[in-house]
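Enquirer: Before we start, here is the structure in question, set down as structure tokens.
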């Protein structure tokens, strides 16, 4: 639009006009783009027109696609200055109110989030005059979408309103907790903890506790399980002496609920619950409850509990920790090691090593080591992998030597597993293991594995193996590299399989930096240059790519004298790709 | 209702009348929503038609109750599974309405493989006013733009839109026969021949398998799942019926995988009635919880049975739907009719049950008075506000006037799908490509 330059004097309205028109374009992407630049539009219109024209228009546009509505809900949370500051912030309420009633949860949640944000920008008077009536409207709406949204707004206005209004808010919350639709009761249950936090302690006891008890025995298990979450916040608010009477019976009931989903939730929140109720109740109530969860008939529950074993033990009161673990937790853990469900075993394997730091060397050797070994031999690769990936915890306690003899066969087995994803995972732990085992042990037992991966038939494994070599060199140093791996890598350049020849190039690319100038120039470069005559074009253009990468490591004489002619030759290759990469390398290395 | 079921049904409207019906027009499911204001049908062509009840108006009081087309949309398209070289029909197997959550309506529709969530909403405003073009769509010279216009919303004619909100695919290897929405309002299950999956209504890329009866070796397969439904109030309870005539009730609280049922309903077989067809005709084609949640109703080929959830050993009530076909099973086997899947429904107060038969007949059974009636959904008596006459099939030797002999029944005219208004005596009956709506006589 060359003419547009002329209209520059008016600060050109044209781009803004386009944005406004595109608010209703057929193409969602363009609408979305315009909504995301809503602040630009508002700025151009000025605060007055934004309030009187733009906001009313937006209020009525809730027919749109979710992603547009989501963007709109988000934008409106940051719109206060654009409508004239806190004095006028309440004019943002109508569009957000309609967005808070749409069926799409993400949009509603975002609208509620923005409402919560702008509630802080309301003066106490405006909060009562504008915001609180909106909350009431939503809370008594016909559809459950609006009532669920209301649940998230009580806690933000409660602290800033008069006592009369506070009483009304509490009443509304009570009503929603016994709403006829489970959707609303769920929303209320999930906000119960948050609401309790802003209430005066007396009201927590007189209002929240009965609601909590009722929700925790709701007929729908999807509601009951949310009460478990609320339990954490409520228990934190109450003085220790009230916990037993007000919370514990409900919590005990939840831990033994008929529905596994509720018990799962208890298991999942166990560490938080444990912290919230304190050491005494933990000793008397939670330890037996935890034992039961570890022995639950549903595997999902056992897995969730198994995940918490380490944290639970860590947080036990110090004076009785060891006794409790040895007499109560460990027997259950022993059973889980041979659980029928692999998710349970795998969850346990991911934390069990952590117990060694808590129990100390002697207990570890006597009680835990046998369990580790059982899990290391587990038929499920994930279990074995979880053990291996946490070896460092045990290393600190008993040293790796003690483990290595039993560990090694398991590693070798995983390294040769038929599933390439398992092989890939074990490769990723190699540098860690190498660090733990030391160079001698590594050379003796694991080096050959690392080299074998380089010729794996899956590319992802070869690639990971290359990267692994680099990390090993970083750990063990250039000298080690020159003696052990470089000769083997270079040897592969004569392999009849071109894929293996390419692996040589990939390795050189990865290793050059870690190996340093001398090894690269003296040993690696000649091989790369020789390979520029390879009959396979893929190898040749990888030579070019490789040279580009290692160029900066090589000394400048060799670069000019040896690399340059080879790249120039490749730049005239018959193959298009070879030419392309050769030219690229020439320009990157500034050899032209 | 009670005794009036006999003769106070009047035909109210007669919709989707096609004399030249094609295969695609055959109605494959019909379902009222939870208020009865809307009625949805699905057909073999993958279309969903939603009807809305006429609002009460002062000048035409009798019009209250008439259902008019509200929205029509193509829910499913024919597809081809290239991996298995299988055609996937677009036929709508089931429609289930979701509880209403805002001004829009939502329903789930499914074909053999894919469940879709549809939103049906109204729009009565549209934006007006552009900056870069005038009202006729002519582009304006950009240099003439000296001020910005914000579009304004103006009223327009009501437009009803159906938009697909979610597509739940790749959850089933076999054919989906049922979908059922949970009373927790956030999950639903879909059932195929061998498995039941549980979905969250907002999550399309993950479902949980809750029942799996597939044997390790498919040659050992002796039983398939024919229908499944959630309890209307208890979110943890559901039932599924099988081709062997049994019903299993499962409790999702007990375990994540409900392979072990908590109740097993089955009637012991009567050895005197044993025949080659026993197993086929005992296969359950539909299972429905009563609105109260206390009873279950099942339909097999010849009977409809009511079970008390507290009694697993035998049904509380058994009603013969068309016992006169017992002697015809051989020919019904030959023409495949014996595999027809008849559905069954409760009325709003659980006191009357309805199910279909052949010759465009459908049956109603009053559970209190034990009276039953056969009615016909046909073109002849389909004049608006005509009163339905009960029909009789002659079973004995002598045929009385008004009776129809078993041999003259038309087995190609079958009533498989019916639905009952949740609170009023309005029923919708799908007879191949026609939908009939009947209701109690108004005054």
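Each residue's number is its place along the chain shown, starting with 1.
Note: Cβ is positioned from N, Cα and C throughout, glycine not excepted.
What you see is a predicted model, and the numbers here were worked out from it, not measured in a lab.
This is the feature table in TrEMBL:
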| type | residues | note |
| --- | --- | --- |
| REPEAT | A:15-53 | repeat 'HEAT' |
| REPEAT | A:92-130 | repeat 'HEAT' |
| DOMAIN | A:92-273 | domain 'Phosphatase 2A Regulatory Subunit A helical' |
| REPEAT | A:169-207 | repeat 'HEAT' |
| REPEAT | A:208-246 | repeat 'HEAT' |
| REPEAT | A:247-285 | repeat 'HEAT' |
| REPEAT | A:286-324 | repeat 'HEAT' |
| REPEAT | A:329-367 | repeat 'HEAT' |
| REPEAT | A:368-406 | repeat 'HEAT' |
| REPEAT | A:407-445 | repeat 'HEAT' |
| REPEAT | A:485-523 | repeat 'HEAT' |
| REPEAT | A:524-562 | repeat 'HEAT' |
| REPEAT | A:563-592 | repeat 'HEAT' |
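Where in this structure would I find these features, and how exposed are they?
Expert: Predicted-model confidence for the repeat 'HEAT' (A:15-53) is 90, expressed as mean pLDDT.
Across the repeat 'HEAT' (A:92-130), DSSP classifies residues as 30 helix, 0 strand, 9 coil.
For the repeat 'HEAT' (A:208-246), the DSSP counts in helix, strand and coil order read 33 helix, 0 strand, 6 coil.
Below 8 angstroms of C-beta separation, residues 209, 212-213, 216-217, 221-222, 224-229, 231-236, 238, 240, 292-293, 296-298, 300-301, 304-305, 307-308, 311-312, 315-317, 320, 324 of the same chain, each at least six residues beyond the ends of the repeat 'HEAT' (A:247-285), sit close to that stretch.
DSSP states for the repeat 'HEAT' (A:286-324), grouped as helix (H, G, I), strand (E, B) and coil, give 31 helix, 0 strand, 8 coil.
With a cut-off of 8 Å between Cβ atoms, the residues of this chain six or more beyond the repeat 'HEAT' (A:368-406) that come close are 333-334, 337-338, 342, 345-346, 348-357, 359-361, 413-414, 417, 419, 422, 425-426, 429, 432-433, 436-437, 441.
Packing against the repeat 'HEAT' (A:407-445) from elsewhere in the chain are residues 376-377, 381, 384-385, 387-389, 391-392, 395, 400, 452-453, 456, 458, 460-461, 464-465, 468, 471-472, 474-476, 480, 484: each is 6 or more residues past its ends and has a CB under 8 Å from a CB in it.
Residues of the repeat 'HEAT' (A:485-523) grouped by DSSP class, helix first, strand second and coil last, total 36 helix, 0 strand, 3 coil.
Counting same-chain residues at least six beyond the ends of the repeat 'HEAT' (A:563-592), those with a Cβ under 8 angstroms from any Cβ of the stretch are 525, 529, 532, 537, 540-541, 543-545, 547-548, 551-552, 554.
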Enquirer: Go through the chain and flag residues at least 6 beyond the ends of the repeat 'HEAT' (A:524-562) whose CB is under 8 A from any CB in it; none is fine as an answer.
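Expert: Long-range Cβ neighbours of the repeat 'HEAT' (A:524-562): 486, 490, 493, 498, 501-502, 504-506, 508-509, 511-513, 515-517, 569-570, 573, 575, 577-578, 580-582, 584-585, 588-589, 591.
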Enquirer: I need to check the long-range neighbours of the repeat 'HEAT' (A:92-130): which residues 6 or more away from its ends have a CB within less than 8 Å of a CB in the stretch?
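Expert: Cβ under 8 Å, 6 or more out: 55-56, 58-60, 62, 66, 69-70, 72-74, 76-80, 83, 86, 137-138, 141, 143, 145-146, 148-149, 152-153, 156-157, 160-162, 165.
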